[in-house]
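One structure below.
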Ligand SMILES: C[S@@+](CC[C@H](N)C(=O)[O-])C[C@H]1O[C@@H](n2cnc3c(N)ncnc32)[C@H](O)[C@@H]1O
């Protein structure tokens, strides 16, 4: 799977990339109560412009991405000086209020996550095959302190369409994956996209406290 993503970036097969901030991020992020200045984890971030939107709204961003191409393109398409350093086994690049960690999300550990207080997932969970999705949900929970909020944009494919990525992850699966560690609220169900039949759903997740409260 990893090599498939690297090949996609190398060959420019990045149909998932959007040329503006996702409308659900713009609509729903302000309805969460994430204090400005809170650092937002963006797992499997690609070169998403959603990171610039978040940074522009006053939220420092920590993106994690496997593909060097994604990171270099994000930096080249942005403005401002880039600083590069190494930390916790990752190559890290910073431009303005966005820091990009190049490597495997599953190798990003809690010690490196000290300052995180929120997250944003668009096309991260649904990029992963079923067998990996529970691991993703637990790993995300481990990285976030109780009370952390996040927005997740899910996707289902047309009935009977078993392809992917993006994989079809329905509402029941989202609740099952996250309910142990997050309060899960379904915010919106989109309309099926003409042609593909892809249908997005929008969720807010709040990391529960150690007692499940
Ligand atoms: C469908 S894309 C979505 C990118 C971005 N979230 C967006 O909305 O444009 C999934 C991204 O996850 C990256 N990726 C896949 N597995 C990863 C992993 N284990 N760790 C870090 N990045 C990963 C891929 O290289 C790809 O850029």
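Just so it is clear, glycine is given a Cβ too, placed from its N, Cα and C backbone atoms.
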Annotated companion of 9, 44, 65 at the S-adenosyl-L-methionine site, TrEMBL, chosen from 94, 122, 135: 122
Pairwise C-alpha maximum, in angstrom, for the residues (9, 44, 65, 122) that bind S-adenosyl-L-methionine according to the record: 17
